[in-house]
Amino acid sequence: MKLKHLEKLSISLYFHDKLANVIKDNNNIKTINLKNISIEHFEVILKYNYRGVCLLEDFETSFIFELTLVSHEFLLDELVKNIETYLIESQSSWLRLHFFHVYQKSFQNENFMNFKSENALVSIIKRDDLQMKEANIWKHVIE
């Protein structure tokens with residue numbers, strides 16, 4: 001994917017640093033290689049940067065969770081917080097279903113504060129439909 005106008009992306013410290021350290025080629029073009037980021041996630045990030053809005057309801061929950069990880073990598077803390085809040089408030093059943101994956105990723109990353117909040121953990125653990133003993137849940141959370 002080629003982008004001609006990247007000024008808006010510099011609001012992210014990630015892109016600001018990346019663009020500052022890339023040398024232009026013979027055609028006066030800077031190239032950044034984003035191997036680990038899907039085009040779909042990057043398009044959402046671009047739209048967010050240009051429009052300031054991200055309509056999460058349009059996407060599958062697993063895509064939204066991965067978008068949280070991508071947003072964190074791009075140092076878009078406000079977007080990360082908004083996505084976390086959306087997932088906790090609107091997709092709690094998905095979070096419960098994917099409890100270990102979500103909390104493993106969130107505890108690997110110090111910026112996922114909403115997922116790690118005591119209230120979020122307690123509300124998920126209190127659910128009767130989690131189908132797991134509380135001791136096992138805490139064991140995995142501590143790991």
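Heads up, the Cβ atoms here are built off N, Cα and C, so glycines get one too.
TrEMBL has this to say about the protein:
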type	residues	note
DOMAIN	12-90	domain 'BTB'
DSSP residue counts for the domain 'BTB' (12-90), split into helix, strand and coil: 51 helix, 0 strand, 28 coil
Overall pLDDT for the domain 'BTB' (12-90), taken as the rounded mean: 86
